[in-house]
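Taken from Swiss-Prot, the feature transmembrane segment covers 10-30, 56-76, 91-111, 121-141, 150-170, 174-194, 206-226, 254-274, 275-295, 327-347, 355-375, and the record attributes it to sequence analysis.
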Amino acid sequence: MGASQKNQELIGGLILFSAALLAIVVNNSPLASYYAMLETINVKLGIENLVIDKNLMHWINDGLMAIYFLYIGLEIKREIIVGTLSKPSNIITPAIAAFAGLAMPSLIYLSINHDIKVINGWAIPSATDIAFTLGILALLGTRVPAKLKLLVITIAIFDDIAAIAIIAIFYTKSLSLLSLSLGTLFILAMIICNRIFKINRSSVYVVLGFFAWFCTIKSGVHATLAGFTTALCIPFRENDKDSPANFMEDSLHPWIIYFILPVFAFANAGISFSGISFSILFEPITLGIILGLFVGKQLGIFSILAVFKKLKWFKLGESFSNLQLYGISLLCGIGFTMSLFIGVLAFNDTHLLNAIKIGVVVGSVLSGFFGYIVLRFIVTNPS
């Protein structure tokens, strides 16, 4: 990771945090009525009967986040072909750690939340916000070795893959087989353009990807799946920055960290404190998310990394201390944008959404703060 990219990650993390803070301030000020317009102003896209009519909040969550998952897909494809995921030996431990980091928070949440009305939120504390995490890693600089950062990124990649699967399987509320079939045809068209006709024009995949996204929204499956599958269909060539996948990933990166994620954070993090008491922190849903992110994530990930290191099943881990592994396990508890995103998909009740936002913010802040403290002040030998 070059110096300029490190600066981008740091600045992106700060902008993301500022956007979330601004949302909370605005939603608890005289400007709150304007903030509410995100859910009252509708925008239409389409012609005649082929129209998508959604409010601004939905456009952000279904449109901008589909672009974010397109970027994630491009990143994962590169890692599978030429990156850390191209070697099986580099995959096994981070994959199992990511799974444990998904399972443990979910189990903690479900152990606290037995009401059928809130069980659907089990996946909220299972996510990791890679943008925020990379921002803190950039802030730590050389205190975190490059290989340790690579381990965090690899775990986060598997976390993202799991999140995509969870959204597609568990948060699809209705299904139109006709629209889904049409979307699948556009995906197949991209595969044919790539594998058979060897078309390398990015614009072709952008147009076909847009129609795949449009059909996916109409089908009832969440649009993020269209973004991810589109990425897997785009041609990638090693050592060629002009290949469509490389070009699109490089082009999207600044838009993701400086615009898309901050806009999402601003739209979804606006906790309203009106009528809320301190006791909301101890409501089952809030407590389940806080403990899931802060306790479940670190417990699940660190236990796997430490045990595999002890058994010498984790070659890369031998160069790290247990404190370093514990520090990055804490950072993986920063759920923020991804946790908020799953929360919005799971519920639409205002009180529950407020409880979710508080749980996500508190759990993420605790994880980020203590992860930073461990890696910055307690780890004595970062090399």
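Along the chain as shown, the residues are counted starting at 1.
Cβ atoms are placed via backbone N, Cα and C, with glycine included.
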Q) Does the transmembrane segment (121-141) come near the transmembrane segment (275-295), with 3+ Cβ pairs under 8 Å (pairs 6 or more apart)? A) yes
Q) Among 10-30, 56-76, 327-347, 355-375, which stretch has the most Cβ pairs under 8 Å to the transmembrane segment (275-295)? A) 355-375
Q.
Under 8 Å between C-beta atoms and at least six residues away from its ends: which parts of the chain pack against the transmembrane segment (91-111)?
A. 84-85, 119, 121-126, 128, 151, 154-159, 162, 288-289, 291-293, 295-297, 299-301, 303-305, 308, 313-314, 316-317, 329, 332
Q.
Which residues of the chain, 6 or more past the ends of the transmembrane segment (355-375), have a CB below 8 A from one of its CBs?
A. 20, 121, 124-125, 129, 132-133, 136, 139-140, 143-144, 268-271, 276, 280-281, 283, 285-294, 297-298, 323-324, 326-336, 339-340, 343, 346-347, 382
Q | CB contact flag for the transmembrane segment (254-274) and the transmembrane segment (150-170), at least three pairs under 8 A | A | no
